[in-house]
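Enquirer: Pasting the relevant annotations from TrEMBL:
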type: BINDING; residues: Asp30, Lys35, Thr86, Thr121, Glu158, Lys269, Arg334; note: NAD(+) binding site
type: BINDING; residues: Phe155, Leu156, Lys157, Glu158, Lys210, Phe255, Ile256, Tyr257, Pro258, Gly259, Gly263, Lys327; note: substrate binding site
type: ACT_SITE; residues: Cys266; note: active site, nucleophile
type: DOMAIN; residues: 320-424; note: domain 'UDP-glucose/GDP-mannose dehydrogenase C-terminal'
Amino acid sequence: MKVTVVGTGYVGLVTGACLAQVGNQVLCVDVDADKVARLQTGDVPIHEPDLPAMVQEGIAGGRLRFTTEVAEGITHGDFLFIAVGTPPDEDGSADLRHVLAVAGDIGRHLQRPVTVINKSTVPVGTAQKVRARIAAVLQDRAADIVFDVVSNPEFLKEGAAVADFMKPDRIIIGVDNVAAAERMRVLYAPFNRNHDRLIIMDPPSAELTKYAANVMLATKISLMNELAGLAERMGADIEQVRRGIGADPRIGYAFIYPGCGYGGSCFPKDVRALEYSARQYDFDAPLLAAVEKVNDRQKGLLEQKVVRALGEDLTGKTIAVWGLAFKPNTDDMREAPSRVLMEALWRRGAQVQAYDPVAMEEARRIYGGEPALRLCSDPYMACEGAEALVICTEWQQFRSPDFVRMRSLLRQPLIVDGRNIYDPAVVRAEGFAYHAIGRP
Ligand code: NAD
């Protein structure tokens with residue numbers, strides 16, 4: 001099948017590469033000429049396990065191509081995916097500018113019947129807006145071309161995006177006619193062999209399903225973080241509590257880790273966007289506001305713990321930071337807790353020595369000119385002469401470090417662990433002062 005994917009970010013590139021992997025002819029379109037130039041040579045600009053090999057295989061096999069030519073893109077595909085960003089506007093609403101720009105492009109260049117598939121995370125009613133925009137532009141051209149608009153939100157996780165796309169938990173298809181649903185079933189058949197993962201519903205329900213999933217997950221995290229705050233004050237250990245509640249199958253162990261707050265490009269913006277939508281419908285949704293408020297407070301916790309140990313004024317002091325990405329296995333630093341921490345430390349006059357296994361280039365892009373940041377090529381180098389080590393991301397390689405070496409490098413044996421990756425008894429036996437989340 002001929003597929004066009006507009007937008008080659010985390011979602012678009014993974015979608016394009018995976019659809020090419022199973023034999024489709026895929027053309028990916030992006031307005032970012034530098035990104036397209038890199039992708040044309042097989043150079044994948046993001047860190048995502050298995051993605052570079054898949055992209056290179058697709059290119060070599062002639063099934064995957066990249067272009068900045070939107071007209072070429074629109075005329076190529078029978079399926080046109082919209083996978084552009086929907087960043088938060090100042091008021092928290094999802095900014096649909098890019099999505100509707102692509103809808104306009106489709107209207108301008110469409111030559112034959114197609115299925116337009118919206119993969120971006122968008123508020124309820126967007127499928128309708130996309131349809132209206134395409135129809136209006138077609139009408140201006142006096143072109144009578146039929147097309148369907150399908151809502152197909154994406155649930156991949158950064159860091160496991162390829163695996164998630166190839167073996168999805170579910171494929172949500174929001175459609176208003178049976179023929180379009182059948183076409184989607186055929187397109188997704190290669191990813192739907194083991195058992196039927198397609199859940200077909202109306203477009204508004206599909207659009208809300210995406211927000212509902214992210215808000216549910218964000219709520220789990222904020223609730224655990226609120227409980228961690230209580231545990232810390234009451235002399236309980238949230239990690240023991242976590243194991244205790246996870247044993248109940250109605251609760252389960254998944255996604256109930258306390259920590260220094262959620263980040264990334266999805267949870268923060270999607271919670272805010274749903275809050276905004278609730279206001280548009282004049283519906284009071286206090287839980288959503290609370291989830292966000294708890295998370296904002298949580299992101300400030302690491303700074304507080306450092307200040308409690310080292311004092312308010314950190315002028316001339318150096319702090320080591322391990323982990324810059326918002327979670328392991330990605331280089332994405334959007335809304336990462338590490339950023340809130342480092343910016344707070346800089347305001348207090350501290351120097352930061354940071355290490356991340358893959359996000360160093362991204363850190364350089366964001367904070368290149370920051371004199372108080374030293375990016376270190378090795379985690380131990382980051383500890384050299386530092387008053388404390390703060391862990392912001394639970395990378396596997398931080399789990400069993402050489403504590404003796406760390407202690408000899410740090411000026412003070414102090415660890416602030418934002419992800420609770422160590423056993424407090426072990427770390428303290430190694431001679432460290434250890435402050436974690438929700439642990440006595
Ligand atoms: P991203 O910012 O990484 O990539 C978006 C891409 O779209 C960029 O390369 C940009 O240049 C391109 N673009 C913007 N306007 C364009 C236009 N008019 N024509 C062509 N290309 C254009 O975004 P992302 O993380 O891939 O997210 C895309 C959407 O998917 C968002 O709505 C997001 O909420 C949703 N989503 C993201 C994830 C995730 O983990 N990142 C997961 C599920 C859903």
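All positions are counted from 1 along the displayed chain.
Each residue, glycine too, has its Cβ placed from N, Cα and C.
Note that the structure is predicted; figures quoted are calculated from it, not measured.
Any idea what these are sitting next to in the structure?
Expert: Look at Lys35 (NAD(+) binding site): DSSP puts it in a helix. Under 8 Å, Cβ to Cβ, and six or more positions away along its own chain, Lys35 (NAD(+) binding site) finds Thr8, Pro45.
Under the three-state DSSP scheme, Glu158 (NAD(+) binding site) falls in the coil class.
DSSP gives Cys266 (active site, nucleophile) a coil state; it is part of no helix or strand. The Cβ of Cys266 (active site, nucleophile) lies under 8 Å from the Cβ of Thr121, Asn214, each of which sits 6+ residues away along the same chain.
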Enquirer: Name the residues of the same chain, 6+ apart in sequence, whose Cβ is under 8 Å from the Cβ of Lys269 (NAD(+) binding site)?
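Expert: Looking at Cβ-Cβ distances below 8 Å from Lys269 (NAD(+) binding site), excluding near sequence neighbours, one finds Thr86, Pro87, Pro88, Ala94, Glu335.
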Enquirer: Counting Cβ atoms within 10 Å of each candidate's own Cβ, which of the binding-site residues Pro258, Gly263 comes out highest?
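Expert: Comparing the binding-site residues Pro258, Gly263, the most crowded Cβ belongs to Pro258.
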Enquirer: Cβ distance under 8 Å to Asp30 (NAD(+) binding site), same chain, sequence separation 6 or more: which residues?
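Expert: Spatial neighbours, sequence-distant, of Asp30 (NAD(+) binding site): Val6, Gly7, Thr8, Gly12, Val36, Leu39, Phe66, Thr68.
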Enquirer: Per DSSP, to which secondary structure element type does Thr121 (NAD(+) binding site) belong, with helix, strand and coil as the options?
Expert: coil
Enquirer: What is the number of residues in the domain 'UDP-glucose/GDP-mannose dehydrogenase C-terminal' (320-424) that are helix, strand and coil, as DSSP sees it?
Expert: 35 helix, 19 strand, 51 coil
Enquirer: Tell me which binding-site residues (Lys210, Pro258, Lys269) have a Cβ under 6 A from ligand 1; sequence order is fine.
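Expert: Checking each Cβ against ligand 1, none of them comes under 6 Å.
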